[in-house]
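A.B. asks: Right, I'll just put the structure down here and ask away after.
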Amino acid sequence: MSRSIVRQSKFRHVFGQAAKAEQSYDDIRVSKVTWDSSFCAVNPKFLAVIVESSGGGAFLVLPLSKVGRVDKNYPLVIGHSGPVLDIDWCPHNDNILASGSEDTTTMVWQIPDHTPCRPISEPIVVLEGHSKRVGIVKWHPTARNILLTAGSDNLIIIWNVGTGEPLITMDDHPDLIYNVSWNYNGSLFCTTCKDRRLRVCDPRKREVVAERLSPHEGIRPMRAIFTKEGNIFTTGFTRMSQRELGLWDPTNFEEPIALLELDTSNGVLLPFYDPDTSMVYLCGKGDSSIRYFEITEEPPYVHYLSTYSSKEPQRGMGFMPKRGVDVSKCEIARLFKLHERKCEPIIMTVPRKSDLFQDDLYPDTVGPDPALEPEEWLDGRDEDPILISLRDGYVPPKSRELKVSKKNVLDSRPAPRRSLSAVDGSSLPPQLLEKLVEEIQSLKATVLSQEKRICDLENKLSKYTNGTV
C-alpha cells in the first residue's frame, strides 16, 4: 500500500473520535453466540443490540437519546426460542425491525417511540420457511416491505412482509451462505458462500447471472458488498491467511480491478459502505481498529485513508444511515462499536473551519420513502432510491404502523388449537357452520377494536413521555 503520492481528496483528513463516556451505552451484555454478524443495528431513532439471554433469544432496543447506564430490568424484545443471529432495521420505517434466529424463524417487530413498560414479545409477523437457523436478514433498499432471509439450509427466501408470504425461493447455493448484499436499486444481490464462490443473483429471474471462484484464495469466510457504481467490494483471506480486500467488476470477473493485502489476523473484516462518499469502513471482529478507504475511478481504485485505533477490541459494529449524522459538525459517518459490556459511538469527521452547510460533503442522500410497491418490484420494475437533502438536518417522523394483511399473518402463525381447516366441513350441519363463522367474525371485530384502543393509548402515552402534551 503506497502512501507516498499526495492525492487530492476531501476525505484525506477524515478522523475518528470516540464519543465521551457519558454518551456511551453501558451495562449491555452483548451476545456471545459464535456467528459472524455485526450484532448491532442502528437508525436515526434507535440502537438495537443482540444480547445474552436465558431461555431463548433476545435483543435490546434503546432510543438513541437514552445514553448512560442501561437498567438491568430494561424491557427486551423477546419471542425467539433460540439465540438471535442477525437484526436489520427497515430503511422505509424507523420503527420496524427484522430478526433472524437459530429457531429457524424470522420475526418482524414494531418498536414504539416510547419506552415500553414490559418486554415486547408479540411480533407483527412471523416468517416461517427455513428448516435450519436464519443467519441473515436484509431489507430491500427501494421496495416497500420486501425482506430477504438466508438460512443454514442454504436457501434464500424473499418475503412480502405486508402479507407474510414468501415471493421467491432460491436454492443455488450448495453450502453455508456467509453474507448477502443488495445493489443500489435492488435489482440484483451478491452473495459469498462456504464453497468459496462469489455469486451475483437476479432474484426475479431466479438465477445466478455471474459467479467467480475464489476471489480470495484463503478458505476462511469472505464478505462482499455492492458499490453504488455496480462494482463489488470484497474482503477475505489469502492462502497464507493474510487479510485481503478486492474490487471486482461483475460483468468481467476474470481479473480484479484492485486487490490489496492488509495484515495477518483471524477476524473476519466486516465492510460498511457509504454510497454518498464512496468510502468503505473495515471493522474486524476482535480488532481494536477501524480502517477506512475511498473507492475512486483512478488507479489504484481503492485508496487507503487512515485508521481509527483504540485499546478495546470490538465484538460487533453498527453503521448509522447518512440521514442520522450531525451535518452541523461535518460528521460524515457514525459507527457504534460493541464492547463486551457497552456500546460506544465513534464519529467520523471531516475537519472544516466553516460552520455553514457543506454541500460537497453532503449530496442528496437516501431518504425513508420507498420508491416501489412490492408488486411493482416483483413485476420487474427498478427504481433508484428516493433522495432527500440534509441541508436542514433530518428529523425522524413519528411512528407509522406497518399495515399487515391479517389473513396471511394469521395463516403464518402456528395455531394454538385445531384449526377449522382441519375439520371435515361435510360432517357439520350448515346451521352449525354458519354459527361458527358468525362467532369468528364477532371475535375478530372485538380483537380489532381492542387493538385500536391499545394503539390510541400507546400514542397518548408517547405524547406524554415525549413532552408534547
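A Cβ is built for glycine as well, from the same backbone N, Cα and C atoms used for every other residue.
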A.B. asks: Out of 216-236, 405-425, let me know the one TrEMBL marks region 'Disordered'.
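C.D. replies: It is 405-425 that TrEMBL annotates as region 'Disordered'.
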A.B. asks: Over the span of the repeat 'WD' (77-111), how high is the average pLDDT in this prediction?
C.D. replies: 97
A.B. asks: Looking only at the domain 'DUF1899' (4-68), what are its DSSP counts of helix, strand and coil residues?
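C.D. replies: Grouping H, G, I as helix and E, B as strand yields 3 helix, 24 strand, 38 coil.
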